Every structure is written in C-alpha cells, then in structure tokens.
Amino acid sequence: MGKRIIVAYGLWAIGGPLGLHHIYLERDSHALLLMLTLGGFGVGWMWDFWKIPGLVFKFNKQERKKTNEIKNGIPSASIIQFMAQVTTGIYFGLVAAIGLSTLTSYYVLVLPLAVALGVHLVACVGEKTSKLQNTLVAAFLTSPIFYGRAISMIPISIAASITSHQNRHYRLQQRQHENLSLRLYRIGLAYLAFTGPLAYSALLNTSRTVSYVAESIGTLLGWLSFFPSLSALMEKILLLPYRIWGLFTGGGGLHHQYYKEWEKIYEFVASFQNEKEEMACKILGVSPDATIDEINRHYRDLVKLWHPDHKRHRPIEAEQHFIEIQTAYETLTRLLKMKIHAD
C-alpha cells in the first residue's frame, strides 16, 4: 500500500520529535533515533521537513518492485552522518553515566556498549548500515585507555564512529511489511531500555544525578574552552532546557523542590561563564565593566607585545600568551554583545 505525502507531513507536525512520520514510512531505526534524542536534538526533526517528499517517493518506488534487492558497492561517505554518530554516541554515553554509573562494570562494559549502540543506531538510518561487531570492538578497545575519566565517552564515540564509517554498506531492501503492532512493541522495548535507568536515577536519586551531570558539564566545557565559539554554543544548548522549563512553570509548581535541585545545573553553568569572564579580564588587564573601546585598546597593546614575530627569542612563551589573549578577547567581546543585546 502506497504512502501519501500529506499524511507524512501531518504526522511530522503532530509527533515529529517522536518519529511518527518515520514509523509511517517504516523507517523504524530513524524513528527510534528521533525518540531517544528528542527529535535529533531538534535539528533532525526540522531537517525532515525538506526530506519527506523524497522519502515518500522512495518508499512507493520500492513498494512497486517485485523482489528484494541489495545495492552494490560502498555508500558514499557523509560528514553529517559521521558527526551525528559522534554526537549520538556521546549522548548515549552521558545517559548511561547518569543512570548506570553505579554498576561496577560501568567503565569496562556499560559505557562502551551504550556509546557503540548509539553510533550504530545512526549508522542504520536509511538504506545504509554497518557492522555492529566492528563498532563494538572499537568501543571496547578504546574504553580502557580512558578508564575513569569523565570525558571518556568522547574518544570512545570518535573511535567507534570512525570504525562504523569504514565498515558501512547498503542494507537489503525488504518488500515484506511487518505488523505495525510488532514494530511498535519492538520500538517500545528499546525506548524503555534507554529511558528506564535514566528516569529512575533522575527521580529517585536526584542529588547524585545533578552532581554527576554538573561534573560532566564542567569537564566538557573545560575541554571546549580552547574553542570559544563552540564552548559558547554548548553553554546555550545546556541552558536551554532550564529556561524552557522555567518559562512554562515559573520556577514553581507541584515539584518546586525538585525543580530547585535541578536548578543547580543552571547555576553551575552560569558560574562557569563568570569564571571565564574573570579570567579573561585578568588576562587583558581590564575591569568587568570595561567598554568595547577599552577592551579593543588593551587587546591591541597586548597583541603587539606578545606577537610571536616580536618575541623570536621566546617563541613558545609568546605563542602561549598570544593564544590566551585571543581567547580572552573573544570571550569578553561575546559576553559584552550578549549583555548589550539583553539590555
């Protein structure tokens, strides 16, 4: 039975972040991915708006074929899919850390397994797939190298994504259609397996969960401090759920104390921003209420003083100071623009 574009768009509008339009088009892996990542972190859901006509056409074209088929060759590499694999792997690792980090086998079994499954889920989207066993091997071999470190899911996800990308291939295009209830049952089990430990930890062990999330965020932001623009974007993303929650609840409601507990994460990220501003002011030698002209003047003076071309007898020290000055300048100008925009 053919699919209709109007129905697909209707399901996209009603339950796009839950992947309803992908369930309608029998793309269960993609549907599950959207469910577990809140609509592909919002980006995947919006991007699907432009892809729906092509997806419907492809489904109906395959429906008219009489036999199963498998494409030959290796699918073309996709930097977007690779980045999605890395991001989803890290996300799955963070969720495992929140819900299952108390297990004794967390670092050697749970974490690499969770990251590898997240990477493989993205690899199975569309007509492509990859060899799960190779992805698992890469994750389990990388995990001991970063044992016990808060950011261990980052290198594990990168290694697993590279391996998965190298072992990509086309999947068999099936004509047989499974019963909808069976498909929903399978998707539901996978969803519960993912969200169950997370919900248990967040609701019944809130203080510990908040503490771990704050520690992970601090480590991640510290690692990203070498890339000011990326760090700023990450901070906005981390603060967005809190601001949305506050918008709808006003910071209160039936679970006011529970809300206050999670507010610690917002306070932590905000304090991290304040610490960066204080450090940047110290490096440039300006006060926190300095104007843009003062910041620019101090920046130009320090650049002239510490530019590597002017310190050829101390190149390593000059380069280090030059990078610090550049980062401090970017941080202060960005924060100043944010303050002006807020006013």
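Glycine is treated like the rest: Cβ placed from N, Cα and C.
Feature annotation from TrEMBL assigns domain 'J' to 279-343. Per TrEMBL, the feature transmembrane segment maps to 6-25, 32-50, 79-99, 106-125, 145-163, 184-203, 209-233.
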By a Cβ-Cβ criterion of under 8 Å, what residues six or more beyond either terminus of the transmembrane segment (106-125) are in contact with it?
27, 29-30, 32-33, 36, 81, 84-86, 88-93, 95-97, 100, 132, 135-136, 138-140, 142-144, 147-148, 152-153, 156-157, 160-161, 164-165, 168, 171
Taking pairs 6 or more apart in sequence, does the count of Cβ pairs under 8 Å between the transmembrane segment (79-99) and the transmembrane segment (6-25) hit 3 or more?
no
Check the domain 'J' (279-343) for me and report the mean pLDDT.
80
Could you count the residues of the domain 'J' (279-343) that DSSP puts in helix, in strand and in coil?
52 helix, 0 strand, 13 coil
